[in-house]
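For reference, the structure discussed in these notes is given below.
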Amino acid sequence: MDFTLDSGNTAWLLASASLVLLMTPGLAFFYGGMVRGKSVLNMMMMSFGAIGVVGIVYVLWGYSMSFGTDVGGIIGKPFEFFGLDGLTDEASILGWAGVPALVGVAFQATFAIITVALISGAIADRTKFSTWMVFAGIWVTLSYFPLAHMVWGGGFLSASPDGLSAKIFGTTDGVATVAPIDFAGGTVVHINAGIAALVLAILIGKRKGFAKEPMRPHNLPFVMLGAALLWFGWFGFNAGSAGAADGVAGLAWVNTTVATCAAMLGWLVAEKFRDGHATSLGAASGVVAGLVAITPAAGALNPVGSIILGVIAGVLCALAVGLKYKFGYDDSLDVVGVHLVGGVVGTVLIGFLATDDRGLFYGGDAKQLVIQVLIALSAIVFSGVITLVLGLVLKATMGWRVSEEAEVGGIDLAVHGETAYETLGIGSRVVTEVK
Amino acid sequence: MTKLVTAVIQPHRLDDVKSALEAAGVRGLTVSEASGYGRQRGHTEVYRGAEYTVDLVPKVKIDVLVADEDVAGVVEVVIRAAQTGKIGDGKVWVVPVEDVARVRTGEHGDDAL
């Protein structure tokens, strides 16, 4: 295939890559505001640390493992484009759109970065920074790159003739008849990070005083600011995933917005009925739940379908954040409730809501739904197993937790030698009721 | 002799109390942000479905040094300006002060007020 530079598409993808990179500092604010004042810096540093490690790893072997020549449907050859050596515009991921190889690398690298950072919310206030940094580099290598390859790089969960869907429902013109749909990362990003968060939260254990001592968010304006930055950056994430500055990008933009609006309203209504108030934390959480859920679906639904998807995701995620109290795992900032649940909801609802005779409600049969459920389950099992093994190895070697003294006294001071504020808030008592 | 009048009041009453004291001839006071509770106790807050009881609510504490003969008047002024009639309005109390010195001049006692 010849490569002809398309400056419009290239400009949009460069802008999109920059937008998506902004999401991770945005996430640092979203998470940072939700923890207590004594651990906000550590929380934000987990995001910034992920940028540092993954940004380098992606260039060295990440792109190659994601989009290099397929090995067994699971990964790309790690050393084929090591250090981006030997990469050509013609053969690169967005070459079809006239976007140079390095712009495609930039765009994809930002996805790997935020996926790792998302996990950190589940293990707030208690995780050794050194272990986290090592985890970031290994987990992205063993879980993210393979999954990105499987879904987007022509591997097992793609429309490849050797893939899962082709094996079940056959091929048409050399590709799977029922192409799995993950537009911008419902499986690769959100289910992947969400299940890893669940595994680590259980493995690392609860914060001291979980569900007994006050752990209310110390700065809700930070949370709102973070949600706003995430929303803004998400336009790069979803509309950029069109790969071009075209109508699909426009559809993804509109779908992303209406689904997010609907999810925010859904969350607020749910908590108004349950808790009596429509809260700012609920609005910020609903925004993120909507963004997560529309991610896999942004290019496959019409705007009305996106509203339906958004409101369902908002309500379900608002209910799902209570699960940790029922089951007793300390997913501190609800990565499971928002990203795993939101990712599964979005990925599966595509089976109902995808247009063009694919979704059940839009003229399709159940095949798309079956495939969507299967790719969600595959991502859960793959990432769950990899994370468990890696988590156990790190537990036995480096250890995951800071000392109890450091945790109680504040991880900011103990680990980073800093405190965020001159004074810390006082004044709240025990949790008297959790739902 | 000098007395220390301390008032813990609703934060939103501070401006009125300050103006009233000024009008009553009080020439200086110290204000601090405080947390506390009385009969009103605290309130509850809900974050993602987890309910917290917040015992200590924000208050403002005012300290005024007053000459003996003005104490009763100052206390009345504070009460009138801070009162809303609702639970949580606060308290005023008076304690004797052994000595007061003005740092700039070294004056002592009522001269330092």
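Just so it is clear, glycine is given a Cβ too, placed from its N, Cα and C backbone atoms.
Nobody curates TrEMBL annotations by hand; they come from automatic prediction.
As recorded in TrEMBL, the features of this protein are as follows:
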- A:11-421: domain 'Ammonium transporter AmtB-like' (DOMAIN)
- A:12-33: transmembrane segment (TRANSMEM)
- A:40-61: transmembrane segment (TRANSMEM)
- A:93-119: transmembrane segment (TRANSMEM)
- A:131-152: transmembrane segment (TRANSMEM)
- A:183-205: transmembrane segment (TRANSMEM)
- A:217-237: transmembrane segment (TRANSMEM)
- A:249-269: transmembrane segment (TRANSMEM)
- A:281-298: transmembrane segment (TRANSMEM)
- A:304-323: transmembrane segment (TRANSMEM)
- A:335-354: transmembrane segment (TRANSMEM)
- A:369-394: transmembrane segment (TRANSMEM)
Intrachain neighbours beyond the transmembrane segment (A:12-33), with Cβ under 8 angstroms and 6 or more residues off its ends: 40-41, 43-44, 46-48, 50-51, 94, 97, 99, 103-104, 106-107, 109-111, 113-114, 117-118, 120-121, 124, 217-230, 232-237, 239-240, 243-245, 249, 284, 288, 333
Among the ranges A:40-61, A:217-237, A:369-394, the one whose Cβ pairs under 8 Å to the transmembrane segment (A:131-152) are most numerous: A:369-394
Taken over the domain 'Ammonium transporter AmtB-like' (A:11-421), the model's mean pLDDT: 96
Selection from A:93-119, A:183-205, A:369-394, the stretch that has most Cβ pairs under 8 A to the transmembrane segment (A:281-298): A:183-205
The transmembrane segment (A:335-354) touching the transmembrane segment (A:183-205) per 3+ Cβ pairs under 8 Å rule: yes
Stretch with greatest number of CB pairs under 8 Å, the transmembrane segment (A:249-269) reference, A:93-119, A:217-237, A:304-323, A:335-354, A:369-394 candidates: A:304-323
Residues from the same chain, set at least six apart from the ends of the transmembrane segment (A:217-237), whose C-beta lies under 8 A from its own: 15-23, 25-37, 40, 110-111, 184-185, 253, 256, 260, 280-281, 283-285, 287-288, 291, 295, 425
Close approaches to the transmembrane segment (A:369-394) from elsewhere in its chain (Cβ under 8 angstroms; 6 or more beyond its ends): 131, 134-135, 138-139, 142-143, 146-147, 150-151, 156-157, 164-165, 168-169, 178, 180-182, 186-188, 191-192, 195-196, 198-200, 203-204, 343-344, 347-348, 350-352, 359-360, 400
